[in-house]
Each structure stands twice: as C-alpha cells, then as structure tokens.
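Heads up, the thing below is written out as structure tokens.
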Amino acid sequence: MLRVVSWNINGIRSPLQGMVYEEPSNCAAMAVGRILDKLDADIVCLQETKVTRDVLREPLAIIEGYNSYFSFSRNRSGYSGVATFCKDSATPMAAEEGLSGLFATHDGDVGCYGNMDEFTQEELRALDSEGRALLTQHKIRTWEGKEKTLTLINVYCPHADAGKPERLSFKMRFYRLLQIRAEALLAAGSHVIILGDLNTAHRPIDHWDAVNVECFEEDPGRKWMDGLLSNLGCQAGSPIRPFIDSYRCFQPKQEGAFTCWSAVSGARRLNYGSPLG
C-alpha cells in the first residue's frame with residue numbers, strides 16, 4: 001500500500017528552525033530526514049514552502065533515502081512554493097513542475113496537457129510562475145495485481161483576497177488549468193490524485209461558521225468544486241463527476257475536521273477553521 005501525506009508547512013524552514021540552518025550539514029540533513037521518517041509516508045507533499053532556489057540549501061533538499069522535487073515562486077521571495085519528497089522505494093518514473101508544460105524539460109516529463117487553447121502563453125506562464133504545482137507519476141499495483149499509472153498533483157492553489165479582485169480571477173483560471181490537466185491525465189489512462197491546499201472549503205460542513213458567510217454556496221471556488229467532485233451519497237441519476245473528495249468518502253458526516261486556522265486570532269485553539277486540502 002502506498003502511503004501519501006500532504007502538509008501545508010507554512011514555511012519549510014519554520015519547523016526546523018535552528019536544526020537545519022545552524023547545525024552542521026550532516027546534522028541538518030538528519031534532522032529533515034527524521035521529520036520525514038516520523039510522517040511515516042512513502043510520499044510527502046508539502047505546500048507553502050516559502051523558499052526560492054537561491055536560498056534552498058543542500059541539507060534541506062538532499063535527504064538520504066528520498067528523492068526531492070521543488071517548485072519555487074519566480075516572482076517573490078518567501079512566497080508560495082511546493083515540494084514533494086519520495087522515498088527511494090516510491091521514486092517516480094516521471095516528474096514535472098507546473099501545470100502548463102511551459103517549464104517541462106522534455107526529459108522524464110509527465111506529459112498529457114489537454115486542450116489549453118483558451119489560455120495565452122503569457123497567462124500560462126503567469127499561472128505557473130508562482131510555484132504552485134508539482135506532478136509526480138508512479139507505477140502502482142492494484143488489489144487485483146494489475147500494474148497501473150498513478151499521477152499525484154501536489155498543489156498550493158491561490159488565495160482570493162477580497163481587496164484584490166484580480167486575484168479571484170487568477171485563482172479561478174488556476175483552477176481551470178488544474179482541471180484541464182487532471183482530466184487529460186485521466187483520459188490518458190492514469191489514476192489521478194489532486195492533493196495539497198486548494199484554498200476553498202467546499203461544503204458548509206467544511207467551515208466552522210458557514211452560516212455567517214455571505215452567499216456561501218455562490219462562491220466561485222465552491223461552484224468549481226461542485227463541477228469537479230461527485231456528490232457522494234447522491235441519488236441515482238445525478239451526474240458523475242471525474243473526482244471525489246476522498247476524506248468525505250470515508251467521513252461524510254464528520255464535523256470539525258479542520259486543517260487551516262487563522263494564526264493571528266489563535267483560532268486553532270478553538271478549532272475555528274476549515275479543511276482546505
């Protein structure tokens with residue numbers, strides 16, 4: 001069984017503090033390795049790493065027993081970014097940065113891009129320049145013993161700032177690009193898992209105070225999710241969507257299952273949050 005963990009780390013250096021950047025290199029690498037080992041996963045997907053290539057040091061990136069893949073923001077330092085760590089036993093057969101293919105190296109890329117004609121090259125480059133997506137592709141064996149392809153899409157989706165309407169547009173275009181790429185991979189015969197921080201709480205059960213959120217279900221991000229995800233437990237005849245919410249598949253009625261809280265207000269202590277993964 002392949003075990004995959006997703007974690008919005010809110011700065012990859014923050015849980016390590018002095019360990020990685022003050023200890024000798026071999027100790028720093030061991031410290032990162034201990035954290036990965038403690039997560040007990042074959043693949044660890046991190047979001048909001050907040051590092052750029054020029055500040056990423058070897059002890060943070062090269063860990064014995066793991067292969068690591070990073071996507072950085074090309075526009076801002078200390079902003080966004082995703083990383084995927086794969087155990088040697090789960091080394092991907094292909095890996096790629098971004099959703100558009102513009103940053104593909106054509107050597108071991110994942111491929112399968114779908115029809116992106118609705119985007120300009122400039123728009124695609126902007127959507128992929130904030131370090132928000134990494135794809136890794138793996139060979140897996142099903143319960144029936146058949147070999148299949150699995151593609152993991154590790155994403156840190158944009159946040160829509162109420163005071164910046166252009167960021168809502170950016171977010172929705174990113175969602176659109178993500179869906180096109182994911183559905184193209186499905187059409188090519190790969191199993192696909194989208195994981196990470198989607199930056200939208202889908203249903204009222206997924207938000208601690210949904211009743212006081214104006215026009216909760218009219219939010220464009222939630223409407224996009226409605227079109228992406230099958231309605232689990234729905235009546236016969238309802239449309240079948242290409243993806244499911246894996247957590248709600250197994251825990252359809254669980255309340256208070258939050259993964260994101262406001263650090264400013266101390267909301268985690270009171271569990272005033274939402275599950276954005």
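Each Cβ is built from the backbone N, Cα and C atoms, and glycine gets one as well.
Database features, via TrEMBL:
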DOMAIN    5-242  domain 'Endonuclease/exonuclease/phosphatase'
BINDING   Asn8, Glu48, Asp197, Asn199  Mg(2+) binding site
SITE      Asn199  site 'Transition state stabilizer'
- Per DSSP, three-state class assigned to Asn8 (Mg(2+) binding site): strand
- May I ask you to report the DSSP-based helix, strand or coil state of Asp197 (Mg(2+) binding site)? strand
- Task: Could you tell me the mean pLDDT over the domain 'Endonuclease/exonuclease/phosphatase' (5-242), as a whole number?
- Result: 87
- Starting from each candidate's C-beta and looking 10 angstroms out, tell me which of the binding-site residues Asn8, Asn199 has the most other C-beta atoms. Asn199
- Query: Including all protein chains displayed, how many Cβ atoms other than that of Asp197 (Mg(2+) binding site) lie within 10 Å of its Cβ?
  - Reply: 25
